[in-house]
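Student: Features from Swiss-Prot:
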type	residues	note
SIGNAL	1-16	signal peptide
DOMAIN	17-82	domain 'LCN-type CS-alpha/beta'
DISULFID	28-81	disulfide bond
DISULFID	32-57	disulfide bond
DISULFID	41-62	disulfide bond
DISULFID	45-64	disulfide bond
MOD_RES	82	serine amide
């Protein structure tokens, strides 16, 4: 039973949701300039998704990691970022 519980916890950690941080009003990704480790992205991901979230700059947009399964990430259905 202990081994099964440990395996389930590991699978949940490995398969945690990831995605681009999105502005729910505009449908646009949060932009960033400094690729890789980025304090701005980390702070914004934690603020929107909680203390357990991580974040960095990938392809000039904030990429959030360790999200809960229901977290809303880019792209939003039926909402396109105007002009981008």
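Note: Cβ is positioned from N, Cα and C throughout, glycine not excepted.
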Student: Across the domain 'LCN-type CS-alpha/beta' (17-82), what is the average pLDDT of the model, as a whole number?
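Tutor: Mean model confidence (pLDDT) across the domain 'LCN-type CS-alpha/beta' (17-82) is 95.
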Student: Measuring Cα to Cα, tell me the gap between residue 41 (disulfide bond) and residue 32 (disulfide bond) in whole angstrom.
Tutor: 7
Student: Measuring C-alpha to C-alpha, could you say which of the recorded positions 45, 64, 82 are within 10 Å of residue 28 (disulfide bond)?
Tutor: 82
Student: Tell me the Cα distance separating residue 81 (disulfide bond) from residue 64 (disulfide bond), rounded to the nearest angstrom.
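Tutor: For residue 64 (disulfide bond) versus residue 81 (disulfide bond), the Cα atoms are 19 Å apart.
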Student: Restricting to the chain of residue 81 (disulfide bond) and a gap of 6 or more, list residues whose Cβ falls under 8 Å of its Cβ, or answer none.
Tutor: 26, 27, 28, 29
Student: When you put residue 45 (disulfide bond) at the centre and draw a 10 Å sphere around its Cα, which of the recorded positions 32, 57, 62, 82 have their Cα inside it?
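Tutor: For residue 45 (disulfide bond), the recorded positions whose Cα atoms are within 10 Å come to 62.
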